[in-house]
Amino acid sequence: MAYHIKREDYVKIYGPTVGDKIRLADTDLIIEIEKDYTVYGEECKFGAGKNIRDGMSQNQFACNNSALDIVITNVVIIDWWGIVKGDIGIKDGKIVGIGKAGNPNVMDGVTPNMVIGPSTDVISGEGLIATAGAIDTHVHFICPQQIETALYKGITTLIGGGIGPTEGTKATTCTPGAWNIFKMLKAVDNFPVNIGLTGKGNSSYEKPLIEQVKAGVVGFKIHEDWGATPTVIDTCLKVADEFDVQVALHTDSMNEAGFVEDTIKAIGNRVLHAYHVEGAGGGHAPDVLKVVQYKNIIPSSTTPTMPHTINTFSEHLDMLIFCHHLDKNLEEDVEFAKARIRETTMAAEDYLHDIGAISIINSDSQAMGRIGEVITRTWQTADKMKKIYGRLPEDTQNDNYRVKRYISKYTINPAIAHGISQYIGSLEPGKIADIVLWKPAFFGVKPEMIIKGGFIIASKMGDANASIPTPQPVIMKKMFGAFGKAVYDTAVTFVSGYFYENEINKKIGINKKVLPVKNCRNISKENMIYNNQLPKIEIDYKTFEVFVNGNKINVPPAVSLNMTRRYNLF
């Protein structure tokens, strides 16, 4: 017999369904559920008196080879491909299905490969939001404590370079040379996150670059502090093309070896990832932003300029002087710093993100950026732009399109750009189960739980001496997946194809699983999902005013931001 339930009661029990809307944190961003994979009346739910019991939603005949290891029930999923509600099935550390889990012997509509059995444990996703683990592709490995900070904010993959607090690492994301690379690969072996190292790409001779690829780097960083000349760019891209790795570029702020046009000429038709294209983080002054126009250049922004506020400009001067080893008592050093900081390009950056012209947001960790703010800054920018411009033309009664555009900036697009999208970057069957769970009220600020390779590695947790898990203080803590040898199965070290094929990990004693980057050279900005626009950019060299497709861009700085004081004491 059919039983009708009030919508508000249904939401309390099973979470929202099709047509229901959710506010993200305290922003003005509203999502709407596009599809619900469940069969009404056949929802799976764990607990006393609920239906995930033997012979009901749990198939008593399903052995380990056919049952899920873990199921997340009735969770809202936000991903580039949709905003939906359903169950997430995990097996052998990978997502095997997004749909309807349960017992097909007694339930209708159970998705193949999503059988709940005696081998299955349950994470209740009712009322929660699931997203793919974030990917930060601009990490200065200055201190190991960054990794835990990033993890607790929902970042499960770090790509960048460095060897600790050296002058080079504090300024550039380079792990230079085989000896340093091997030491860093060993150093990160026990961290419960995915990591890929970038080598130093600044060489006008190919052999030192080839040595670094063979030592395992997933790409190169070309940085002006090491000399970002046209010859260096050309040489590095030749090696990258030969070995199928990516190149990240921080261009020549002082225009010593050429202007932005010379850099574009040196790049040719080859693909690369252009860091902090607004320019405050470094790059041809005042017009590095022009690289956004080209389909073979994948542009990104870093957290310190996102979004543009009344405080952004003023905090940059001291930050820049320290990070690039300048002397505030030397006039020429101060002038160099000032030349890189322009409010007009900072304002235009927000606009270009909102129209999908800048593809990625990453941190620039401890080198003018904050690793724990990648996700928060992304959604603050989206919220700021909605407050100013209203809904996007593609949105009607919700903000689904804008939300898909912005979540792609730190999930699927960096994965595509760096050759790891076949493994991670979205919640899709066949990919590693790197999943972050959020309460809607805390979305983008403080996760509830972080699943890495199908196993819980971090979660909010109360007093360990309490009778239940919830008594205060409730803080994010590492869970069992972050300890012991479990890390070797749940986390991955990304390496070059050469390193992987020659099993160099075994020769140097790496225990963690290694996977090769692929398809770094046959992509373009056109592959950046929801973020592949190629607007015409012009910059007035006297006033630094920015024109996009002929229109002057004048986005006001934010006076206050959401997702801030309501959530944090400091």
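Sequential numbering from 1, following the chain as shown.
Just so it is clear, glycine is given a Cβ too, placed from its N, Cα and C backbone atoms.
Binding of Ni(2+) 2 is annotated in Swiss-Prot for His250, His276; the matching candidate from Lys221, Lys290, Lys295 at the same site is Lys221. Among the candidates Asp350, Asp354, Asp364, Asp383, the one that Swiss-Prot lists alongside His138, His140, Lys221 as binding Ni(2+) 1 is Asp364.
Counting only the Cα atoms, the space from His223 (substrate binding site) to His250 (Ni(2+) 2 binding site) is about 5 angstrom. Neighbour density for Asp364 (Ni(2+) 1 binding site): within 10 A of its CB lie 28 other CB atoms from the protein chains shown. Each residue contributes its Cα atom, and for His324 (active site, proton donor) and His250 (Ni(2+) 2 binding site) those atoms are 13 Å apart. Rounded to a whole value, the Cα-Cα separation of His276 (Ni(2+) 2 binding site) and Asp364 (Ni(2+) 1 binding site) is 9 Å. Of all Cβ atoms in the protein chains displayed, 22 besides its own lie within 10 Å of the Cβ of His324 (active site, proton donor).
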